[in-house]
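Before any comments, here is the structure.
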Amino acid sequence: MVTAAGAIVAVLLWLLLRSASDVTLGYAGGPVALAAATYASWRVARQPRLARAVRTFWRRLEYASIFLLVASCVSLARANNNTGLSVQTAVPMLCGVLLLMQAFLGLPGPRRTAVGWLRALLDAATVAVASALIFWYAVLDLAPAGTSLVARTAAAIVGVGGVLLLVMIGKATSRPETMVEPMALRVLTVAPIAAIAGTILLIAGADWSRLALSVLALPLVGAAVCGGAALQRRSLAGEPRPVLTHRSLFNLLPFLAVTATAGLVVTVSAQEMTNRQRTVIIGAVLIAGFVVARQLLSLHENTIALRGIRRQQAELERLALTDSLTGLPNRARFGVVLGSRLDSCLPATALLIDVDDFKMINDTLGPAAGDQLLHQVAMRLRDRSAESELVARLGGDEFAVMLPVDDPRTAEEAAGRLLRALADPFDFGDQNLLLHASAGIAIAGHGETADEVLRNADIAMYAAKESGKASWTRFEPQMRQDMVSHALLASELRTAILRGELRLLYQPVYDLVTGRLAGAEALVRWQHPQRGFVSPAEFIPVAERSGLIVPLGTWVLREACEQLARWRDEHGDGAIEAVNVNVAVRQLREAGFVDEVAAVLSDTGLTPVNLILEVTESSVVDGWQVRATLEALHEMGVRLALDDFGTGQSSLSLLRAFPVDVLKLDKSFVDGIADGEDRGRLAVAGAVAQLAEHLQLKAVAEGIESQAQMDRLRAMGYRYGQGFFMARPLPAAECGALMADSRWTSTTVEVVP
């Protein structure tokens, strides 16, 4: 860099002090500066810490500097006052320019397609033709008389090459992928600018112009290369500067070329046409053709890109509005279609279908099998629906059907049709599975939104589940009020658990043969500060739906065990052996329930023998997780009672697989048993007693309300029973008083000798 700068300063001083006839020394600056540029590029190209692409770039600059050095040496050897650029000087100079172009073309950049390369070629052709026209028509006029055509052409080619090189450097500078030091690239822009200026001066051909080529052009090119190399080596000492990613002004050069050519055409058109002027017109037509072709390519690319964007947009919309598992429309799509009908004041009904007990199926067969089953459900609903009905999957095991009707009878018929379709067996591997579902019907009212209609259908669907499942219910406005009341009751129940507003009553269980007190079932009661007594039939379902059944059950379990411990401390052997506690299926699904039971027994000083947990038949078949919990409790020593036996999925296989200790006959089979008119009830009650005897289980009859019922049950073989006839649920103190009676007998139970 210092050498090149020194050469420039030396020649400038020589220009001021030179002899008018001595021009040789003026040409010496070019070889000195370019020799320094060759050496500087050679040093950078051999830096091992630079990326391979950067080393290749500087190696090519080294080769270009060598050719330019040859050109400057030829100029020095031919130092005279001849005008123009000699062929001997122009050939190596043009080779150097081409090598510079190759160096910048080889820099890393965005991957170009065939269309991208064609667009770049059209840009280059536009700039080249425009600059050639300007040199041909305007600059060559500056050449003095006697300048040969070869000299003019050679100078014009070098000038056009300089313009193209300037464009390429500008584009490389603005690319974020370029790995060369950004400031080095900016310094290198001096080279093509000097080449263009020097070429114009060469064409002028005067003595001062030729000396200016040596002083301003070739030495400046050498100095630019030296400066860029120095900046590149300096970047190795620290972090490279970030490359600006804004749109380069050099991208506008093709359009500037068109503007310049247009001005040239206007000038030529105002004169008489000569061959040179015709050349300008032909060049303008070529440029216009290049620009049109380039714009057509861009338009084609934009069309393809827009088409791809639209395809992607359509695919994204499809994915956003489609359920990935079943291929049905999802909740969003269903809401859009339903909302569109409502906005158009068209009749619409939402039918919400939920597969009953699907969690049990999913837990038993596994998630993958559950997904396959949901897919079959979706396909069956779609196949059994009319073309005008939209079937969608809302999520999980919930499906919705949009009916284009507002007639209750038609909507109910559609619900029945679809529920019957789901009741048919499903082929699953080598077995058939039976499913049933519950449905809620909501007919859209005036002014209702899609969300409100779906919410109403959801409320109706839950009402159908509460009424026994496998059925449908049509939404009534009162249901919404009931739902609000249930939500309020759930909030108050949470507060009641925390404030201790709940209490336990204990219904005695008697030995029907001896009349002795054999146990007690803990029953929760709620005395609300404002509502008064709240029936368990009202708040227990609310607790199950809201999840409060878990903390409620925890409180009941601990309170009952603590009370039994107090009875045993107070009455000793006179106290009952075990207390019965009802457990909801939601509690059995809790992972830590077994540990919770063990902790309560340990804290109260009881053993597993002192606890009987009552579960319903539906709990037993809820899934493998509940089954594992029950087996763990049984292995611990806690006895299990099957409550309300006979009303659910009773089967011998269930009793064989379930670790049951006690069967409790449901009250529905005890009612009316005394008169013997209902032979079905008698048959079930007798069968349960015999089944318990053969399986060595304890049978307990619930809901005994008369002496005749008790006598009939005792005759059937029932040893234990409970009901209002013998004793209503009692406070802990009154139940404890029964234990204090040494006879342990009930005044209503006739002792059988």
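Positions of Cβ are set from backbone N, Cα and C atoms, glycine also.
Curation plays no part in TrEMBL annotations; they are all automatic predictions.
Within the listed segments 1-21, 211-231, TrEMBL records transmembrane segment for the stretch 211-231. Each residue in the domain 'GGDEF' (346-477) gets a DSSP state, and the totals come to 59 helix, 35 strand, 38 coil. Cβ atoms under 8 Å from those of the transmembrane segment (57-77) belong to residues 24, 27-28, 30-31, 34-35, 37-38, 41-42, 44-45, 50, 86, 88-90, 92-93, 95-97, 99-100, 102-104, 106-107, 180, 213-214, 218, 221-222, 225, 228-229, 232 of the same chain, restricted to positions at least 6 beyond its ends. Confidence for the domain 'GGDEF' (346-477), expressed as mean pLDDT, is 90.
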